[in-house]
Structures are given as C-alpha cells and as structure tokens.
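**Student:** Okay, so TrEMBL annotates it like this:
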type	residues	note
TRANSMEM	48-71	transmembrane segment
DOMAIN	48-474	domain 'Major facilitator superfamily (MFS) profile'
TRANSMEM	83-102	transmembrane segment
TRANSMEM	114-132	transmembrane segment
TRANSMEM	144-164	transmembrane segment
TRANSMEM	176-197	transmembrane segment
TRANSMEM	209-229	transmembrane segment
TRANSMEM	278-298	transmembrane segment
TRANSMEM	318-335	transmembrane segment
TRANSMEM	342-362	transmembrane segment
TRANSMEM	368-392	transmembrane segment
TRANSMEM	413-434	transmembrane segment
TRANSMEM	446-466	transmembrane segment
C-alpha cells in the first residue's frame with residue numbers, strides 16, 4: 001500500500017516482501033546496503049528507455065510516412081480521388097483502437113520481450129509491402145493491417161514505464177518516450193528528403209522507396225529487439241535479486257504492490273471501468289489526438305502549400321518537430337521537479353491554441369504561418385505525454401486477495417490501453433479534418449483542432465478537480481473507505497483512504 005501524506009509507513013504486500021520501518025528516513029524508502037538508488041535508476045534508464053524510444057520512432061515513422069509519400073506522388077500513381085486518401089488514413093484507426101486492450105493483455109501474458117518484437121516485425125513487414133501496392137484496395141488493406149500490428153506499441157510502452165518508475169520520476173521518462181514521436185517526425189522528413197532522391201530508381205517512384213526502406217529497417221531491428229527488450233521488474237535478468245526486490249519495494253511504496261498475477265478474468269477487466277475517472281482520462285487524451293494527428297498527417301501538405309518544392313517541404317517539416325522535442329522535455333523535467341501535472345497540461349495546450357488560431361486567421365504571410373506551426377506542434381506534443389503519464393501513474397495496485405478481481409498489473413494495463421485506445425478515435429476525426437478541397441486555407445481543419453484542444457483542457461480541469469476533491473475527502477477522513485482497517489486498505493489500491501493522487 002501507499003504511504004499517506006502524513007508519512008505513515010506503507011503496508012507490506014505479501015509476507016516475503018515485508019518492508020522494515022527502519023528503511024524509511026523522513027518518509028522515503030532507503031535502498032538496502034550495497035545498492036545505489038541513483039546508479040540503479042541510470043541502469044534501468046539505459047536498458048529500458050532507448051529501446052522503447054527507438055520502437056516508438058519506428059512505429060510512428062511507419063504510421064505517418066504516408067504523409068511524406070504523398071508529396072512524392074502516391075495519390076497520382078494510385079489514382080486516389082476525392083476522400084480516398086483520407087479513408088486510407090482512417091482505416092488504420094479501426095483495428096488500432098479495438099485491439100489496444102487485448103494487446104496489452106497479451107503483453108502481460110507473453111512478456112514484453114516476446115510480444116513487442118512480434119508486433120514490430122509484422123508492422124515493419126506491412127510497411128515494406130505497402131511499397132508494392134498497385135491500387136486503392138491495396139493501400140487500404142495494408143493500412144488496416146498496420147493498425148492491427150501497431151495497436152500495442154504506445155499503450156504497451158507507457159504501461160512498461162509505469163511499471164518501473166515512481167510517479168515523481170515517471171513524467172520525464174514518459175515525455176522522453178513520447179517525444180520520440182517528435183524525433184520520428186523530424187527524422188521522417190530528413191529521411192524522406194534523402195529517399196526522394198531515389199525517385200525512378202529500379203522503376204519505382206520515390207514514395208515506394210520510402211515504404212520499402214523504412215519497413216525493411218523495422219523488420220531487421222525487430223530481431224535485435226527480442227534480445228534487448230526487458231520484461232517487468234520482477235523478471236528483469238539484468239538486475240540482481242536484491243535490486244529487483246528494491247525496485248518492487250519502491251513502486252509498492254508509491255502505488256502499491258506491482259507483483260504480476262497470473263489470472264486475467266473478464267470481470268477483472270470490466271471492474272476497471274467502475275471508476276468514473278477512467279472516462280475523464282479518455283477524453284483528456286481524445287481532445288489532443290485530433291489536432292496531433294491532423295498535424296502529423298497533413299503538415300507536409302500544409303507546408304507544401306506555402307510554395308516549396310517537394311524536397312524543400314520535407315526539410316522544412318523537420319524544425320517544428322525538433323522544437324517540440326526540446327520543449328516537451330523541458331516541460332516534463334519541470335513537472336517532475338515540482339511534482340505537479342495539471343498546469344503542465346493546460347499551459348502547453350494554450351500555446352498550441354495560439355498557433356492554430358494564427359493559422360486559422362493568417363493566410364498570406366508565410367513568415368507568420370510557418371512559426372505558427374512551431375507553436376502548434378510544441379504545445380500538443382508536450383501536453384500529450386503529461387496527460388497520459390498523469391492519468392496512468394495515478395492508478396495504484398490492490399494487494400491480494402482482491403488482485404484477481406480488480407487486476408494488479410492489468411488494472412493499470414487496461415487503464416492505459418483504454419485511454420490511448422479511446423483517445424485515438426480522435427485520429428479518425430483528424431483524417432477528415434484537412435480535405436483537399438479546403439486547401440490552402442484549411443479553415444475547417446484548424447477550427448476542429450482548436451475545438452478539440454478546448455475539450456481536452458476542459459477534461460484536464462475536470463480530472464484535476466476530481467482528484468483534488470478525493471484527496472481532500474481523504475485528508476478530512478470523510479472518504480467512503482475512511483473506516484477501513486489496515487488489512488482492508490491493502491485491498492483498495494488507489495481507492496484507499498491513505499492514497500493521495502498526484503495533482
């Protein structure tokens with residue numbers, strides 16, 4: 001169980017993992033002799049984060065490189081007319097949304113080092129084959145399959161981070177991982193500009209080479225990932241038994257016992273949805289997905305409308321993504337330092353809103369429109385990881401015997417997959433927001449983006465008020481579980497009267 005703000009000692013989980021009160025100094029768990037906590041965290045960081053970030057870069061690259069391919073003639077060669085291109089973008093989200101919760105359950109059962117490389121190889125293979133499609137039906141089929149195999153990448157990775165780090169440490173790591181999508185956007189533009197020079201080689205247009213080479217790279221790296229992706233803390237082979245125990249003790253002291261149970265039941269999955277806050281979390285993310293994917297899928301087209309050539313367009317798509325990465329990491333570092341989340345969602349959303357409002361109202365001044373893309377990107381891609389991390393690290397683990405009902409690991413796994421899965425419905429809206437007939441002003445697309453960001457800010461405020469109210473109720477001893485015994489508190493996870501939500 002979790003220590004309260006009054007400094008009470010966390011309850012032990014199972015008897016073999018009893019935590020001695022002597023190991024607490026000023027309410028903070030101290031490492032056992034021979035373990036340097038900072039050095040241990042650095043080892044975990046080096047083993048976990050680079051792998052997840054590279055996985056994220058490849059997944060996002062294979063997902064949105066169709067935006068770069070359009071600049072090199074995809075629409076013309078495949079004779080995509082009207083809304084057919086937008087439908088190709090949309091069909092990706094059908095399986096991507098539906099399979100996120102099942103994928104996270106399979107991740108838990110098979111282990112990350114098995115499930116993630118399988119998914120990685122398959123979406124790399126689909127991307128590779130996308131380079132050989134001949135018509136609308138072919139590109140539609142490959143985009144659907146891409147959604148199937150990419151469905152577990154983001155929720156699985158966020159889930160992994162939440163299983164290794166305390167809440168006060170998680171935001172910087174979550175943002176570093178999430179901001180790898182910004183690096184993917186920047187890298188994708190650079191790579192596309194280089195690959196575009198192969199236009200006509202071996203009889204293939206440049207857009208085909210983008211899919212072929214990027215898909216092949218993903219397939220090759222997936223074999224390496226089988227050996228380098230680590231599993232959950234209790235199974236990590238690169239740690240000693242004492243280190244694994246300490247990692248679990250740290251997480252137990254923050255959010256409850258993370259030990260992995262073996263039984264998953266439909267009742268356990270459905271019980272997660274009894275908490276009204278899970279629906280607020282879904283809408284928080286949903287509101288930002290529409291503008292985020294709107295930018296990711298249509299930024300090259302928008303920049304191309306400024307009058308640049310194909311190669312110039314790809315190169316000018318890079319700086320906004322790079323700026324988003326730097327700004328996102330800055331926001332995350334400050335958020336972790338001050339142990340606060342809410343303001344670090346609404347302030348970036350406000351920055352992004354200013355960018356989209358400029359784009360909505362200014363139509364004939366590239367020197368203003370292009371910088372507005374920086375504001376739009378920086379705000380969106382720094383707020384999104386804060387929202388995901390804030391929501392998912394606020395979900396604690398119940399102790400046995402309630403765990404098989406409420407779900408120890410899969411309580412958090414289902415919550416993560418639900419938020420990202422439901423949120424990605426916004427991606428469907430994004431694909432029909434920026435239509436060819438609306439070029440070059442894209443008034444509807446910018447207006448939709450602004451509306452959805454306001455929706456996200458509203459639900460961020462609702463979540464802040466909800467967790468603030470629950471913390472206050474518990475502090476005053478009027479929580480519905482205020483009379484729970486110490487043993488009962490162990491069973492309640494983040495519903496315990498001793499638990500305090502991050503704000």
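Just so it is clear, glycine is given a Cβ too, placed from its N, Cα and C backbone atoms.
Are these features on the surface or tucked inside, and what are their neighbours?
**Tutor:** Using a Cβ-Cβ cut-off under 8 Å and counting only residues 6 or more beyond its ends in the same chain, the transmembrane segment (48-71) has close neighbours at 85, 88-89, 92, 116, 120, 123-124, 126-127, 143, 146, 150, 153-154, 157, 160-161, 164, 173, 176-178, 180-181, 183-185, 187-189, 191-192, 196, 207, 210-211, 214-215, 217-218, 221, 225, 228-230, 296-301, 304, 310, 313-314, 317.
Long-range neighbours of the transmembrane segment (144-164) within the same chain, counting only residues 6 or more positions beyond its ends whose Cβ lies under 8 Å from a Cβ of the stretch, are 44, 48, 52, 55-56, 59, 62-63, 91-100, 103-104, 106-107, 112, 115-116, 119-120, 122-123, 126-127, 130, 170, 173-174, 177, 232-233, 247, 251, 258, 388-389, 392-393, 409, 412-413, 416-417, 419-421.
Through the fold, the transmembrane segment (176-197) approaches residues 49, 52-54, 56-58, 60-61, 64-65, 68-69, 71-72, 157-158, 161, 206, 209-210, 213-214, 296, 299-300, 310-311, 314-322, 324-325, 328-329, 332, 377, 381-382, 384-385, 388 of its own chain, all at least 6 residues removed from its boundaries and within a Cβ separation under 8 Å.
Listed by sequence, the residues of this chain that lie at least six past the ends of the transmembrane segment (318-335) yet keep a Cβ under 8 A from its Cβ atoms are 171-172, 174-176, 178-179, 182-186, 189-190, 299, 341, 344, 348, 373-374, 376-378, 380-382, 385-386.
Same-chain residues lying 6+ beyond the ends of the transmembrane segment (413-434) with a Cβ under 8 Å from its Cβ atoms: 83, 86-87, 89-90, 92-93, 96-98, 100-101, 103-105, 107-108, 151, 154-155, 158-159, 162, 269, 272-273, 278, 281-294, 297-298, 301-302, 388, 391-392, 395, 407, 442, 444-445, 448-449, 452.
Long-range contacts of the transmembrane segment (446-466) within its own chain (CB-CB distance under 8 A, at least 6 residues past either end) are made by residues 276-277, 280-281, 283-291, 294-295, 342, 345-346, 349-350, 352-353, 356-357, 359-360, 376, 380, 383, 387, 390-391, 426, 429, 433, 503.
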**Student:** Average the per-residue pLDDT over the domain 'Major facilitator superfamily (MFS) profile' (48-474) and send me the rounded value.
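**Tutor:** For the domain 'Major facilitator superfamily (MFS) profile' (48-474), the model's average pLDDT rounds to 87.
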